[in-house]
Amino acid sequence: MAQQAPDREKALELAMAQIDKNFGKGSVMRLGEEVRQPISVIPTGSISLDVALGIGGLPRGRVIEIYGPESSGKTTVALHAVANAQAAGGIAAFIDAEHALDPEYAKKLGVDTDSLLVSQPDTGEQALEIADMLVRSGALDIIVIDSVAALVPRAEIEGEMGDSHVGLQARLMSQALRKMTGALNNSGTTAIFINQLREKIGVMFGSPETTTGGKALKFYASVRLDVRRIETLKDGTDAVGNRTRVKVVKNKVSPPFKQAEFDILYGQGISREGSLIDMGVEHGFIRKSGSWFTYEGEQLGQGKENARKFLLENTDVANEIEKKIKEKLGIGAVVTAEADDVLPAPVDF
């Protein structure tokens, strides 16, 4: 016979008290007991991408996957997040499994290379073990692993060139993510995994593209960003950068499938001013008449490049435009949810 309601409630309270005693206060709780915790974020460096993410940046304490073709801007997006985390007083680490990090380029993007923790591991196991130990220290704000494809299992490195090592990397990633996910959440560390694209052979319908490292990362990632270069930016006949499109293909903290476009300039990274012009025009703060851009009666310049240079030189105007865009769209450094707010439910695909 089932227990009476008061007895069941008392038994549940005793069980919860024992769980708190054994595993620490807050190990189990009723979801409605407290106001929903604020989602703390790290800005990406592009206001359009911050808007597409729905919360104003990359969520802290979560796994992020950034993937795309070669030279599409994956590492640039990750380094901008590192620079913004450091600018807020945070500590950042970069696991350079590809052995391709350019410190001079990172410095131009705003990364404090003197305080950046860098590791160039020999094997995939070593890379993920180092990452796990750094995360468990509780001192990190952001860690970047570049890239998943370069996390070569020890058995493959020590074996012969023609040996078959089916599924080794996938098992390695699955085990590492099982260990790291809880530690990331507890420490509030954002882990960015940069990934490469491969093509599945014999696919007749649908996209043949897939990412390396098995399926575990797709499941554990709270946000997945698909980065693509869509056109080359030119100043006259000289190529000066790329127009980049990022699609949020998975988002557990806000509705997914939104897109953002921004400029990545060679040697400079994401053009903050270019994003402000695009978003300003879209939301009516900047007026575009022919090739002229105007803000509150003041001419910014003829052509986007001149307007961008004006905002670069007049940071107060750029900051004012950014503030207005963020206020209109309701995004910022921290998104809080009041008890009475009705928020769209996060969608997990």
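Backbone N, Cα and C atoms are what each Cβ position is placed from, and that goes for glycine too.
Cross-referencing Q169, Q175, Q196 against the phosphate binding annotation in Swiss-Prot, which names S71, S72, G73, K74, T75, picks out Q196. Between the farthest pair of Cα atoms in the phosphate binding residues (S71, S72, G73, K74, T75, Q196), the distance is 12 Å.
Its Cβ placed at the centre, Q196 (phosphate binding site) has 17 other Cβ atoms within 10 Å.
Listed in sequence order, I66, Y67, G68, S147, I194, N195, V227 are the same-chain residues at least 6 apart in sequence whose CB falls under 8 Å from the CB of K74 (phosphate binding site). Fewest Cβ neighbours within 10 Å among the binding-site residues S71, S72, T75: this applies to S71.
Within 10 Å of the C-beta atom of E104 (ATP binding site) sit 8 other C-beta atoms, taking all shown protein chains into account.
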